[in-house]
């Protein structure tokens, strides 16, 4: 009897143990199945964008691109659609050789040239004589500076021919007429120093400066009014000199220097009152600072000069030859750093900016030099 009871208990224990083992296996299988389902559920969230992770039902229940769409059913705030704004057009750089150049230009000074006509011919030129090409981005910003007094007739011809030419050259430029006030002796180089400073006050972006006499008009638009690695002399073949360079060191008429080149030579001399000498002094400054003159081909650098009598109060400077010999010393103290003047008026005209200045008066001839 006891053996029978013992055998029965043994079978019962084995059965209970088997059931416990079976229960454990089922629990383990269910655990891993639930874990796999949770893992798959959360992996779907991790692959969505942050907006979808925060609002998983927004993309399917709300059409935010429609003005009358609503998110009330989902309980989410309405979000306006993010429409791409207009992109600014990419303006390419201006070509080295502008495509609209015509080459040789016929220049004549016989027909009347009213300023109103010149203004009608140049509708793209802004107030103050500023212009920038609409279809390309120039590499330089050019200030054209004209020393001036009592030459309104010449200025109208200059504006008539130069504005169309500069626009064909795809320049970003401004024209500044530096008008010497009063009837004291004329001082061309000092007016050019004033023009350099006043142009930079208006626009610090100027990095190229063209210094032009008002009575000189280029005969070829391939004579590009730009600055290069060396100072540039543009007017190398004037009709006045038989379309030849008068002498090797001549730097008169029309010239161009970058801002860095101009500052390197301390600008132009201020003490050349009257006609002559300042161009040769400028040439000496360029040579003494280790730079060389760059010039266009003689067939391109041709100019016509408007014939006129010599201006009153612009007599030849009797001290000019002595001064030229002393450039090495005088350029250290006489130049852009020592120029003194007073601006009387700044007037922005349709085709140019007129700056009237008082530049003082010369010392007596006995104390000059």
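Residue numbering: from 1, along the chain as shown.
For all residues, glycine too, the Cβ spot is worked out from N, Cα and C.
N-acetyl-D-glucosamine is bound by 277, 278, 279, 280 in Swiss-Prot, and the record lists one more residue there from 226, 232, 320, which is 320. For the N-acetyl-D-glucosamine site, the Cβ centre of 277, 278, 279, 280, 320 serves as reference, and the other residues of the chain with Cβ at most 8 Å from it are 189, 272, 276, 281, 282, 317, 323, 324.
For the disulfide-bonded residues listed here (136, 208), the lowest count of other CB atoms within 10 A around the CB belongs to 136. Listed disulfide-bonded residues: 94, 227; maximum Cβ neighbour count within 10 Å falls on 227. For the pair residue 94 (disulfide bond) and residue 279 (N-acetyl-D-glucosamine binding site), the C-alpha distance works out to 32 angstrom. Residue 227 (disulfide bond) sits 21 Å from residue 215 (Mn(2+) binding site), taking the C-alpha atoms as the reference points. Looking just at the topological domain 'Cytoplasmic' (1-15), the mean pLDDT is 61. Binding-site extent for N-acetyl-D-glucosamine: residues 277, 278, 279, 280, 320, maximum pairwise Cα distance 10 Å (rounded to the nearest whole number).
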